[in-house]
Ligand code: NA
Ligand code: NA
């Protein structure tokens, strides 16, 4: 069986540590040589991030994976997979994803003609500021760069000014005050040198966990034998998804250590950003903003049916009900 | 008759090009306004996003103008060594390939719009731009490029049949006439 | 697959099919013969996402900026002023081409836009003063490539984006090599024209007061440069936004120092659309070809090839340079960067090299690709601005400057500080 696989960002650890070994070594070996994989990544193909699942559904390749949030343009109901600040630890994020999984499976089935195989996390999207902040409340009035609709709306609801800057221009924009703060993965921020141009780190998942969904074209999936389906599903859960989640929490702690110098940094030199703790009051306020403004807005986009499903699944897990 | 068609096509494309220019200047103004507002502690938001849409639309609609101005680069190592009839045959062949390719692009562009329409897709940004709203003009630009290249091809073929080789070369040759310097 | 691509490219190009269309055709071919998947279904999405790109809008903006400077007469006066200062060198006006290109490079982030601007003002002079058309136009094509080395630079923005390195640091790193390369162009022109005086045309000296007065003519362009770079380094605008600032600045400066008229806007717009669409057809075609190549596994092949060689880091860098020179003949530069950066840069960084330094080395090689046939955008832009002559003349004229670029690449490998000193000094 030949599979053409399009992976997530080639430069990030998820691809290098888990995706690439799984698809090129683990799975072909487990199949006893029956499965041959041709692996590339969407950035190497120069695909628009929003196109990955569109092309997957069209059968341009067999398996695709990218951040689910990139696909919400075509499926607003998918925003519910990754709501900011509802999951603070990897375990909570995993519980949220597991609760959302049946919903996500149906969304991919209907919108993208594909079948969900796995949902793995990128490190959570945290806040880098080149301005003194002592908590979430201080973001009010600041110019903040964020990607993704729900995060941007959330920041707006907090009273921050959303500014559009492409990822590569963030360091310059932070340094020069085009933006005061920017949201990205702690690891990406470390390797992209954001610590050079920012002083304060607020390590709470303001941009959510950026779940990466691995999906297979539905026609391809249906044409596989039952044994093959079971093999692929078992292998990917055991050797890709589970290990990726297991390291997620420690990866975040390592990245924070690297950025702030509080602890060992295996990735390189530790930096000395100021670690800002979010207070309980911060979280309460965040939750209130989410429940009263951001999530009801999402309801308008996604429709009542999906919201009811979300309330019964993810909402129960995190203790939030959208009215 | 083919001359009239070609002249009309040139005029239309020139107007289109000027309109795109106005769009580009509007985009400049928009970006500037955002920069100024940011200094005052506010922001229009979405300049990045809107610039992208402007670029996509400007690109697709500008293509046909560049075609009529003979601006799409071709390498004429062999062609330039040929007699007028040979050159015209090169030009007709090249234009046929172009017309087919662009038609394919236009046809394949439609599903992109159709999908956005079907899903009611909106950009993953604060602006929530309905994607079909910006993809439709983009698609029409490519469609126009395809139509314009077929019109040019048929007109040029008629000129060739009438034996008007130099007129044909002026319409579909390798390089545009020297730019007028004011 | 490499053989198929080279043969196909050469065959199709000699049939004089437009270069952008050739790239699409090659993509269709790769789809048909080397990939089991219906890649053609991705065509529409590829065309959309490769043009719906905020960074790319810098291209029409920089071209428009250049057009405004040309049509308002400012470019011509800048050129004449620089001529007063450099034409005493063996090679005469050729140095004015290089100097003007260097100067405009500081206001333009695009090599094609820089070459187009200089070519439009310089070409009429060559014919008037009886210069060897080869060296004269070669100097413009090569000088124009400085547009992406001297900040601002679209290509450095793209590099920074793809490798997640700091763009302002990349800009600083490009400054010394950019100016160094301009000086190398001057030196090689002087050497050539001393050996073969026929190449350069008349050397001219001007009385010193006239030279001083000429300096006044440089004010508009220096002002524009200050505005563009100033807004970036003051933090008012991102590098992409600075292109829009540049257009507005050019309009204001044209109004103050030159002539603004409806006719000027009319001509500037038409010129801009023509050049932009020409570039974009190539960029989009290249992007589709890249997509098919990536699906057919060219990335894996390249990576396996490099790793299979088992070379020392230093030899690997040399092989990479060689690969860029060869690919640079055939592949349009923006897509060359997009295709190769995700594969090559991680390897280079893993071997312990600095990504900023490698970015600058890559830009030198990309500059070379812009003037090597058969796919060299700057060659076409310069040829497009000429009234007569063949493309071959422009190609021959760039050879000395390609040698200068090779020397600069060697210098960067030998002395990484050329690129890294300035950003480190200003930390
Ligand atoms: Na430049
Ligand atoms: Na080349």
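Quick reminder: no glycine exception, Cβ is built from N, Cα and C everywhere.
Heads up, TrEMBL stuff is auto-annotated, nobody curated it.
Listed in TrEMBL for this protein:
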| type | residues | note |
| --- | --- | --- |
| DOMAIN | C:9-418 | domain 'TRAP C4-dicarboxylate transport system permease DctM subunit' |
| TRANSMEM | C:7-30 | transmembrane segment |
| TRANSMEM | C:50-70 | transmembrane segment |
| TRANSMEM | C:135-158 | transmembrane segment |
| TRANSMEM | C:170-195 | transmembrane segment |
| TRANSMEM | C:215-236 | transmembrane segment |
| TRANSMEM | C:242-265 | transmembrane segment |
| TRANSMEM | C:277-298 | transmembrane segment |
| TRANSMEM | C:318-349 | transmembrane segment |
| TRANSMEM | C:356-381 | transmembrane segment |
| TRANSMEM | C:401-422 | transmembrane segment |
- prompt: Counting only pairs 6 or more apart in sequence, are there at least 3 Cβ pairs under 8 Å between the transmembrane segment (C:401-422) and the transmembrane segment (C:135-158)?
  reply: yes
- request: Kindly say whether the transmembrane segment (C:356-381) and the transmembrane segment (C:135-158) touch, using the definition of 3 or more Cβ pairs under 8 Å where each pair is 6 or more positions apart.
  value: yes
Query: Can you tell me the mean pLDDT for the domain 'TRAP C4-dicarboxylate transport system permease DctM subunit' (C:9-418)?
result: 87
Message: Check for me, if you would, whether the transmembrane segment (C:242-265) reaches the transmembrane segment (C:170-195) - at least 3 Cβ pairs under 8 Å, residues 6 or more apart in sequence.
response: no
Query: Any chance the transmembrane segment (C:277-298) and the transmembrane segment (C:50-70) are in contact, meaning at least three CB pairs closer than 8 A with a sequence separation of 6+?
result: yes
- request: Please indicate, using numbers and ranges, the residues of the same chain that are 6 or more beyond the transmembrane segment (C:7-30) and have a C-beta under 8 Å from a C-beta there.
  value: 1, 39-40, 281-286, 288-289, 291-293, 296, 330, 332, 374-375, 380
Stretch contact, the transmembrane segment (C:215-236) with the transmembrane segment (C:135-158), Cβ-Cβ under 8 Å, 3+ pairs: yes
Statement: Sequence-distant contacts of the transmembrane segment (C:318-349), meaning Cβ under 8 Å and at least 6 residues beyond its ends, amount to 5-6, 9, 19, 23, 111, 154-155, 158-159, 162-163, 282-283, 285-287, 289-290, 293-294, 298-299, 302-303, 306-307, 309, 311, 355, 358, 361-362, 365-366, 368-370, 372-375, 377, 409, 413
